[in-house]
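The structure appears right after this line, and notes come after that.
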Amino acid sequence: MTADIEKGPILGQRHLQVFLLFLAITVNYIAKFNAGVAVVAMTNAETTNPDFPEYDWNEMEKSYILSSFFWGYFVTQFPGGYLCRRFGAKVTMFVSTLGSALGALLIPFTVDWGGWQVYCGIRVVQGLFQGLLFPCIHAHLAAWCPVSERNRLGALANTGIECGTVLAMFLSGIIAASSMGWPGISYISCGVGVVWCILWIVFAANSPSESKLISEAECNYIESSKNALKEVDARDTPKKIPVPWAAIMSSWPFWALLVARSAQSWGFSTLQAEIPSYMNGVLGMDMKSNALFSALPYFAMWCMSYIYLILSDVLLQKEILSLNGIRKTFNSLAFWVPAVGLIAVGFVGESQQTLAIVLMTANVGINAGSTIGSALNTIDLSPNHAGILMGIVNTSANIIPILTPLLVGLIVKNEEDRTEWQIVFAISAIVFGLGNLFYIVFGSTKLQPWDDENFLLSKDIQNEDCVDNKSTETKEKY
């Protein structure tokens, strides 16, 4: 019989940290996606509250506002990993969320005199601040999650993505129609961000050893779990571990992760942004003006994320599948099923609008499996460099949503032409399919050798030994 492991309280500090991460993602995603509703309210006051100013912005100007967030967002993904290593997740995430929240507060006070250009500028700044977030989240998960709970706790934290997206769509519409009008969207967004910052400063800690609230049993449980994989002893003060760039860039599992996340970004950006345009142009459905239809796919995604979470827990605990098997199985479902669904949507007739909504909702919902399937793989490969890996991967993944609309613009000259849209969907389906195939072949959940804090030191010693041996051989010749 194996001795019971003392894990501390049923709901310990590690669970509190994960809950704070969930809230961080939620409040930041509310700020990230509320612009879609805000812009509609600001340009068509009759649909919400006519007592507030209305602006005459054309479609191109509105597109700039909606996309400008991502101009800043992808720029700070990579620096986010470095800043997290330099200052810790606690400080970096605080600055990230507070900066985004204060940016939201500026919008009602500056748009009157600065117009859409100022709105774009503020959204770029919000993107710059929020770009720091996810590298820190993955580093914080690596620091706080015991190895056996990483999948569960990591997935729970990431459900904030779907929660924040749904709340941004529902709450923003309700707020804009209330007595607060469209400025209320910014006020609420700022308020929830500031409240989160207060909670974070009070309760967050960069590691279990830094926490003043954690029990000794829970701290020992997390530490022993890490040390079992020969990671840095959590009792020690975290060292500034040098990044083994050459080893990372020559690692096939890392490239498999990067390809998978980039493919996910390509496919999801098509599901998110292009299918509503197709339904409007070809099927005559204006989903963007219907809050229920707009939010339904993301609500399905939110629900499905918990189903995937429970299912993965059962499969792991009953040892039906290994973590590697779960990652690749779930990612295959999340990529290949929507790939088929994308092609199917392209053949739906105008008289089958209900089927189109079902297909879109199912595609987005099933795609929720990609979080467990590949998004958390950074922590598997290298807990010590999880923030850096996430920074690199997310930089690539967030450039793609800027590029895919440009490709659609080149292909689709007439929004009512079904054939042109079928080409767009076929390309996305191929990217989904090949991206996951690459991940299946080369992906891994094994802790990589270059995660070791002494990896570069051992390489240097080996190189010195080689030089000494060659020097000795040369002397013997002479």
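A Cβ is built for glycine as well, from the same backbone N, Cα and C atoms used for every other residue.
Residue ranges 63-84, 261-282 are listed, and TrEMBL annotates 63-84 among them as transmembrane segment. Of the two recorded stretches, the transmembrane segment (388-411) lies close to the transmembrane segment (123-143), with three or more CB pairs under 8 Å once pairs fewer than 6 apart in sequence are set aside. Panel annotation: around the transmembrane segment (155-178), residues 18, 21-30, 32-34, 36-38, 41, 48-49, 137, 141, 184-185, 188, 291, 294-295, 298-299, 301-302, 305-306, 308-309, 312, 368, 371-372, 375-376 of the same chain, lying at least six beyond its termini, place a Cβ under 8 Å from a Cβ of the stretch. Listed stretches 20-43, 123-143, 355-376, 423-442 were compared with the transmembrane segment (184-205); the greatest number of C-beta pairs under 8 angstroms is found for 20-43.
Counting Cβ pairs under 8 Å to the transmembrane segment (123-143), the top-ranked stretch among 20-43, 291-310, 330-348, 355-376, 423-442 is 20-43.
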